[in-house]
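First up is the structure itself, then whatever we jot down about it.
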C-alpha cells in the first residue's frame with residue numbers, strides 16, 4: 001500500500017499538471033472502487049478550476065475553486081499518471097477515473113485491485129469528514145515532536161510498531177517506514193509503546209522525519225505497484241536498511257550473519273516486521 005512518501009510523491013507530480021487548471025472533462029469509468037463513486041462526481045468537478053492539491057496522511061485532497069474537495073486514496077495498487085491528451089492511448093481496463101484539463105493533459109487514476117477510493121467533501125467541513133477526523137498529526141509538520149509523540153503513546157502497552165501504524169497516533173506511516181524508523185532509532189518493534197519517552201522519543205521522531213524525507217526525495221519505494229506521475233519507479237527500496245532484507249547483514253552494526261542470522265523477520269498483527277535484534281532494544 002502506498003505510504004506517506006509515495007502519496008506525497010504523487011502530489012508533487014500532479015501539482016503542476018492540475019493546480020490552476022480547469023477540468024474540461026472528468027470521467028468515472030465504473031460505479032465503485034472500495035466505496036461507491038459519488039453519482040454526482042462528474043457533474044460537480046467538470047468545468048471547475050483546481051485551486052490546490054494537498055495531502056492528509058495517505059489521502060490526496062484535490063480542492064476546487066468554488067467547488068468541492070475530491071478525496072482520493074490510492075488503496076493497495078493505485079497510481080495516478082499524467083500524459084498529453086494528444087496521442088494518448090485509450091484507457092485500459094484498470095483506468096477508472098480520468099481528469100482532463102483545458103491545457104491538454106490527462107490524469108489517470110489506475111487501480112487494478114480496486115481498493116482505492118474517490119469521494120467528495122465540502123471544504124467548510126473537510127476536517128470533520130469521517131475519513132479524516134480521527135487522524136493524528138502529520139509527522140513532517142511542526143505539530144509533531146517528541147512531546148506530542150509521548151503524549152499520544154501514554155498508557156499504550158501495545159508494541160511500538162503497532163502503535164505507530166495506528167493512524168490516530170501519527171498520520172501516514174505504514175509498515176515499510178515504521179520498520180525503517182525503528183531501526184534508525186535503535187528501538188525494538190516489541191517495546192511497549194508507553195516506554196518510548198525522553199531521548200528515545202527524540203530519536204524516534206528524528207528517525208521518522210529523516211526516513212520520510214529521504215524516501216520522498218527518492219520518489220518513494222516501488223516494491224510492486226507504486227509509480228511516480230510520469231510512470232517512473234521510485235528507488236528508495238534500494239536504500240532499505242531492514243525492510244524485506246531478512247538474513248542479510250545489518251548496516252548499523254557488525255552483525256555476524258553466520259552466528260546471528262542477520263536481519264530478522266517476525267509477524268505482528270498480521271504484518272511482517274523486519275529488525276536487527278542486536279541493535280534494536
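One-based numbering along the chain as shown.
Glycine residues also receive a Cβ, built from the backbone N, Cα and C atoms like all the rest.
Annotation for residue 2 (active site, schiff-base intermediate with DNA): same-chain Cβ neighbours under 8 Å, separated by at least 6 residues, are 10, 58, 74, 78, 220, 225, 226. Per Swiss-Prot, the feature active site, schiff-base intermediate with DNA maps to 2.
The DSSP secondary structure for residue 3 (active site, proton donor) is coil. Taking all protein chains in view, 22 other C-beta atoms sit within 10 angstroms of the C-beta of residue 3 (active site, proton donor). The active site, proton donor annotation in Swiss-Prot covers 3 (among others) and is backed by sequence analysis.
When Cβ atoms from all protein chains are considered, those within 10 Å of residue 58 (active site, proton donor) total 22, not counting its own. Positions annotated as active site, proton donor by Swiss-Prot, on the basis of sequence analysis: 58 (among others).
Residue 156 (DNA binding site) carries neither a helix nor a strand DSSP state and counts as coil. Swiss-Prot lists 94, 113, 156 with the feature DNA binding site.
DSSP places the residues of the zinc finger (241-281) in helix, strand and coil in these numbers: 4 helix, 10 strand, 27 coil. Here Swiss-Prot flags 241-281 as zinc finger, drawing on sequence analysis.
The active site, proton donor annotation in Swiss-Prot covers 271 (among others). Under a cutoff of 8 A between CB atoms, and with a sequence separation of 6+ in the same chain, the neighbours of residue 271 (active site, proton donor) are 165, 175.
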- Query: Across the listed DNA-binding residues, 94, 113, 156, what is the farthest Cα to Cα distance, given in whole Å?
  - Reply: 41
- The average per-residue pLDDT within the zinc finger (241-281) comes out at 87
- Query: Which of these binding-site residues has the least crowded Cβ, counting other Cβ atoms within 10 Å: 94, 113?
  - Reply: 113
- Task: Measure from the CA atom of residue 3 (active site, proton donor) to the CA atom of residue 113 (DNA binding site) and give the result in Å, rounded to a whole number.
- Result: 17
